[in-house]
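Have a look at the structure below, then the notes.
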Amino acid sequence: MEDLGEIVGEFLMESHENLDQIDRDLVELEQDPNSRDLISRIFRAIHTIKGTSGFLAFGRLEKLAHAGESLLSKLRDGVLPVTPTTITTLLATIDGVRSILASIEETQAEGDVDIESIIEQVNAQMNAGEAPPAAAPAPAAETAEAPQPLEETPVRPAPEPVENQRKPIGEILVETGAAQAQDVGSALAQQIEGDERKLGTILLDEGKAQPAAVSEALQAQTPKRSIADSAIRVDVDLLDTLMNMVGELVLARNQLVRGVMETGDATLVRSAQRLGMITSELQEGIMKTRMQPIEHIWSKLPRVVRDLSQSLGKQVQLVMQGKETELDRSLLEAVKDPLTHLVRNAVDHGIENPDQRIATGKGPEGTLTLRAYHEGGHVAVEVADDGAGLNVERIAQKAVENGLLRPDQIPNMDRRDIMAMVFQPGFSTAAKVTNVSGRGVGMDVVKTNIENIGGAVSVDSTPGEGTVWRLTIPLTLAIIQALTVDCGDQRYVVPQVAVLELVFIDGQSTKIEYASGAPVYRLRGKLLPLVRLDRALGLDVGADEGVYIMVLQADGRRFGLVVDRVLNTEEVVVKALNSRFKDIGLYAGATILGDGKVGLILDVSSLARRSHLTADAERQNLEASARAGKGAGSGERLLVTAVGERRVAIPLDTVTRLEEFPRNRIEHAGSREVVQYRGQILPLVRLSHLLGAYGEEPEGDTVSVVVYSEGARSVALVVDRIVDIAENSTTARRDAEEDGLVGTAVIQQRVTELLDVRRAILAADPNFYTDLENDELLVEA
Amino acid sequence: MASRQFATFEVANQLFGVEVHTVQEVLSYSEYTPVPLAPPAIGGLFNLRGQVIAAVDLRVQLGMARKALEGQVMNVILRGDGEPVSLVVDRIGEVVDLDDDTFEPPPDTLSGPTRELVVGTFKLDGRLMLALDVNQAVDTQRVTT
């Protein structure tokens, strides 16, 4: 009996996957009605469901699947044309199958899902075309169609058995512009004449394509196959257990390495380093097992878009880019609903009716683009439509009506800040409420859900051209980018996603002021309310000078957190805190710091709430952020460092980590300086030497470095000091004549040089990029 | 005669005991992270092989002043309800087999916070051991006056 349960469970899981695929394929088929490949694939999938349900004695399910299969076979044989109506009928059939499966999952029985009306619908479809009368009743069709052997169905056009989804390499090369169509053609002709070399090899041998391009094309070709064929199912609990064990292994490794270093035994040190390397790789590997391509949650969206646009009488084309982008499983789950909501909203409100579109000079068909990509330590997911755009005036008016803004605030506000009002609870500008959206619930829920997982939501829109909703999501829940800070004699951890910038308070040019007792700071002319971390934690309150302000944003509020010292950014593994600390509310969790001690992760939004920001202060804050936002625009974020007397900025997205190395750990390899780092030899380059800024070596036992990694390779740029993180909002920027720089700009009222990162990296490791390319080639070979 | 095994330890020169099966391990540890605004009985957090463990200061639970967490401090790590939790103690004693007939309810003269934490007294050779109610001992939400 147990075994049967397992079989049924597997059947359910497999069928759900199949159904999702069928959904996608049907929607695609509607776009491309003549694709026999698609019909065959759908046919096969539904045939599998039918077969297994017969075997497991789910009679009703079998009957329904059979009806769908019959209709499909008519499409396949060209007896019936593929029309939107047939697609709708087939989708209804799939939904019926789904309901039965759901019922089986819950009650182990098929339940009383109404399959008769669906079957009737299917039969009506089959009769609608000039189907032979014999096919009219379903049972008759059954005998006619069921025994069809599967192998006959796919008609494969290619001479060699190409996987049904695999694109020919030649086609990829031509599409990406890496090879000429005629070269590919002649290479193909050679193959037909008996040349046994692979197509890519022929092109390479004749110098018609670049090795890198071919290897890229090969990679582009393979993933589809690997996902479909070489995957196994693993229990998530098992992965979690493994993950925990690897965490322990990492700690044990750290202790061991520390101990071994002290002994100074060269053989042991080597073994320990090797152990360290393997552990790091193992950790990375386990993390990867929890990653899934975002495609998993996107796969349901074509259906959503199709159904919704059809019911609204709109024409929408769905484009997906970057569906292989991977996210931690638990995050995918959390992102699913917000994303679906954004997509529905975009179809409902974003994209206009065909008439309206034509009236504004656009094509009748709107385009909805889903885009996912990596950015820094985050994944960005965008939902972009080419619709009418957000009506900023309407939003502003509504915000005033709802008391969220005062009328006099509006003229000073940045468009994007006004648009961000749509994320406020109870806010909807929809002229009419539909059953899809416009009820004022939704956007705020989207925002809350995304913020709960440490992400952020933003919106940008151009009138007449469309709207882009953007979700920024951390790569995993378990590991976050964080800044470590000192307060009192303790170290705390602040999630980096909340940090906008850092300001050092020297008491002279920058200082903390008091507005009737409430500490504030003038950030670019606007008052920023401050929260002293020591006071918030009930510790002894320290001085107002020589401290740092972390400008944080949470729950739409901007405030400054005063800490004694900001140390560095680190990737930390988040550990849940015991329930006995829940009531305090100030901590989002705990983590193990580099020295093995426990560090508390601060909960930024509750700090913001706890800071007794009065309604007035909030408004000021909002105003301030509106102004600040205006200046900032979409400038890139820069890491400002000090090199000698000069300030050098490095684009933040190229920075992997910031580290401090003890001076005595710097070793020499040839003429180069290197340091051992996470089981690797990390080449160092001193920016002061590179830029010719020789000056006095800064004192202290450690050097500050900026680590840059790509693939498995890393280099470290040595700077004198990390100054700040700033947004490059300036316009005064000129190209530098000096070597190693791409230009200069005025950042925070000071002239700052922009580093040519590529050059700096090559100075540290001339083989950095070439090796990377070679590695790729190796993969191909 | 039924007997039970107890792990014993000292706090402020008083011998306490908990049943052995409630104990995960005993170890000394020196690095504690204080948790500001936490209940006073929380001595701090420490890292037990990658797990974050709360150390409950038994002195505070017994109505005494906090123990200074300096140098190596002994921890009795209890399995706890779902997650391990540690009791900070002064000194670890032996594991003893105790017959049930050496057990008596707490004396009537015992009062205050200690009374709430103790389920009974075992008469050992030459000294008394107070058996702790494990759940009460680690309950940091308990109002201690």
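Any Cβ shown, glycine's included, is placed from N, Cα and C.
Keep in mind that TrEMBL annotations are predicted by a computer and have not been checked by a curator.
If you look up TrEMBL, you'll see A:128-152 marked as compositional bias 'Low complexity'.
If you look up TrEMBL, you'll see A:1-104 marked as domain 'HPt'.
Under the heading domain 'Histidine kinase', TrEMBL lists A:233-477.
The domain 'CheW-like' annotation in TrEMBL covers A:479-613 (among others). In the domain 'CheW-like' (A:479-613), the DSSP tally of helix, strand and coil residues is 20 helix, 74 strand, 41 coil.
Among the features that TrEMBL reports, domain 'CheW-like' is placed at A:635-766 (among others). Taking the domain 'CheW-like' (A:635-766) as a whole, pLDDT averages 75 in the prediction.
Mapped onto three states, the DSSP output places A:H47 (phosphohistidine) in helix. Here TrEMBL flags A:H47 as phosphohistidine.
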What is the total of other Cβ atoms whose distance to the Cβ of A:H47 (phosphohistidine) is within 10 Å? 21
DSSP-wise, what's the residue breakdown of the domain 'HPt' (A:1-104) into helix, strand and coil? 89 helix, 0 strand, 15 coil
